[in-house]
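Engineer: Okay, handing you the structure first.
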Amino acid sequence: MNKFEYADDKISEKQILVAVPSFVIGIGILSLPQSVASATTASDGWVSILIGGMIAIIITWFVAKLSTSFPNQSFINYSSAIVSKPIAILLTLLFSILSMGVTSLQVRQIADIAKHYLLQETPVEIISFTFLLLIIYAVAGSRIGIFRLNTMFLPFVFSVALIVIVFNIKWFDLGLLSPTFESSFNGYVEGAKNSILSYAGFSILWFYITLVKKPNKAPQMAVLGMCIPVVLYLALFLSCIVVFGNSVTSNLQYPTIELAKIAEIPGGILERFESLFFVIWIMAIFNTTTMAFDIAVLAVNTIFKNMSKIKLIFIIAPIVYITSMSPQDFVQVSAFASIIGYSSVLYTVFVVILLYVIAKIRRVK
């Protein structure tokens, strides 16, 4: 069977706008209300989520702006001009390793959630392996096809999130929002640290900006794209607080899923709404995982240009699977998630500062 090829290997700036929230919105939003609520008082977590979101937006703008300063050049090409080829190769390899880590984390977490809520009798190893096979199939095809899947799936993700909020309105207790601004400074900071881990999607811009037809508009589109999960996270967090309260939310493993479980659609149209929620959210996680795996492959492919994409996929896939199976329990999975999240954010900030400063000193344009 011949592989279908799209006629155009470029994407529009609007597809970057869609790609950013498609990558960011995934597993993290399911547990975000818990991690933020546990660090803050009442509804104060919205401040932390907003602070984390603003930091993510600023980082997104800098990454996109730097990438568009070198139109039609790959990350390894323009970073080679700035910091030398050996260092550029090292930076690229580290991005690939981080992307493998993100892929492994998503594969493991979707397996754990599916086993807990849907497939209690199925081993985590089988669920992870099956999901990874789907990711391999998606990445083995056209890269442009991934962006078109983002455009197709994202409206469904927003729709189901809106349904979760709207059909929980009857359970809202606005009194649970009080008292306001009672959290300590350290509480706000801890909440912001927890929330920024769920925004760590700006690294895809290093590698996808080069595909944009009109890169001069990409920074604005990327920033708008990052604004979308900020608004969604705020809405879902506040919904959890006014339904469950801070103390309950901070003790639920996945508050967003619990919110979906109690949503009641009038008329009994869908008695088990959480089933639909899981189906749609698997689409969101699929988008995140597919792009993370694709970045891991693309980064290595820019270094080893003579190696075929398929060969790289089947070299990286076993590494991803073995890594995903390494954590032994929920505590270890959470620790792994924190390591990957903080590493992604800190490494991106480090690369932005490094390239900006050296480019200015050496006047590289």
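Glycine is no exception: its Cβ is also placed from the backbone N, Cα and C atoms.
Take a look at what TrEMBL says about it:
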- 16-33: transmembrane segment (TRANSMEM)
- 45-66: transmembrane segment (TRANSMEM)
- 87-106: transmembrane segment (TRANSMEM)
- 126-146: transmembrane segment (TRANSMEM)
- 153-172: transmembrane segment (TRANSMEM)
- 192-211: transmembrane segment (TRANSMEM)
- 223-245: transmembrane segment (TRANSMEM)
- 276-300: transmembrane segment (TRANSMEM)
- 312-330: transmembrane segment (TRANSMEM)
- 336-359: transmembrane segment (TRANSMEM)
Engineer: Which residues of the same chain, at least 6 past either end of the transmembrane segment (336-359), have a Cβ under 8 Å from a Cβ in it?
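Structural biologist: Cβ under 8 Å, 6 or more out: 59, 62-63, 66, 69, 79, 82-83, 91, 94-95, 98, 101-102, 105, 108-109, 196-198, 200, 202-203, 206, 326-327, 365.
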Engineer: Go through 16-33, 126-146, 192-211, 312-330 and flag the stretch with the largest number of C-beta pairs under 8 Å relative to the transmembrane segment (153-172).
Structural biologist: 16-33
Engineer: Report yes or no: does the transmembrane segment (126-146) come within contact of the transmembrane segment (276-300), defined as 3 or more CB pairs under 8 Å with a sequence separation of 6 or more?
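Structural biologist: These two segments touch.
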Engineer: At a Cβ cut-off of 8 Å, and with pairs 6 or more apart in sequence only, do we get at least 3 pairs between the transmembrane segment (223-245) and the transmembrane segment (87-106), yes or no?
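Structural biologist: Between the transmembrane segment (223-245) and the transmembrane segment (87-106), contact is absent.
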Engineer: Spell out yes or no: are there three or more C-beta pairs under 8 angstroms between the transmembrane segment (192-211) and the transmembrane segment (45-66), with each pair 6 or more apart in sequence?
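Structural biologist: Yes, since the transmembrane segment (192-211) and the transmembrane segment (45-66) share at least 3 Cβ pairs closer than 8 Å, they count as touching.
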Engineer: Six or more residues beyond either end and a Cβ under 8 Å away: which residues meet both conditions relative to the transmembrane segment (16-33)?
Structural biologist: 45, 49, 60, 64, 105-106, 109-110, 113, 147, 150-151, 153-154, 157, 194-195, 197-202, 204-205, 208-209, 212, 218, 221-222, 224-226, 228-229, 232-233, 236-237, 240-241, 249, 252-257, 281, 284-285, 287-289, 291-292
